[in-house]
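Database features, via Swiss-Prot:
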type	residues	note
DISULFID	C43-C64	disulfide bond
DISULFID	C48-C73	disulfide bond
DISULFID	C52-C75	disulfide bond
SIGNAL	1-29	signal peptide
Amino acid sequence: MAKTFSSICFTTLLLVVLFISTEIPKSEAHCDHFLGEAPVYPCKEKACKSVCKEHYHHACKGECEYHGREVHCHCYGDYH
């Protein structure tokens with residue numbers, strides 16, 4: 001009984017790891033198109049992400065990045 005339970009746990013764990021490893025790169029790979037800048041001053045990561053979602057509905061991430069000497073909130077998304 002313990003051997004069967006151990007085998008089921010290992011198989012389940014393997015399937016979960018396989019599912020996670022294939023889905024994460026797909027979602028991040030589609031989020032590389034620059035959509036524009038969002039007005040967040042000073043730029044904070046959480047605020048940048050939420051403002052990007054407000055301004056660009058198909059934004060999947062917002063990052064604070066240097067643009068010249070200033071930090072700006074850049075919004076990224078994908079087009080289907």
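Cβ from N, Cα, C; glycine included.
Using Cα positions, the member of the disulfide-bonded residues C48, C52, C73, C75 nearest to C64 (disulfide bond) is identified as C73. Geometry remark: C52 (disulfide bond) versus C43 (disulfide bond), CA distance 12 Å. Mapped onto three states, the DSSP output places C43 (disulfide bond) in coil.
Considering only the disulfide-bonded residues C43, C52, the Cβ with the fewest other Cβ atoms within 10 Å is that of C43.
For the pair C43 (disulfide bond) and C73 (disulfide bond), the Cα-Cα distance reads 6 Å. Secondary structure at C75 (disulfide bond), as computed by DSSP, is strand. Of the listed disulfide-bonded residues C48, C64, C73, C75, the Cβ environment within 10 Å is emptiest of other Cβ atoms at C64.
Put simply, C75 (disulfide bond) is 8 Å from C48 (disulfide bond) when counted between their Cα atoms.
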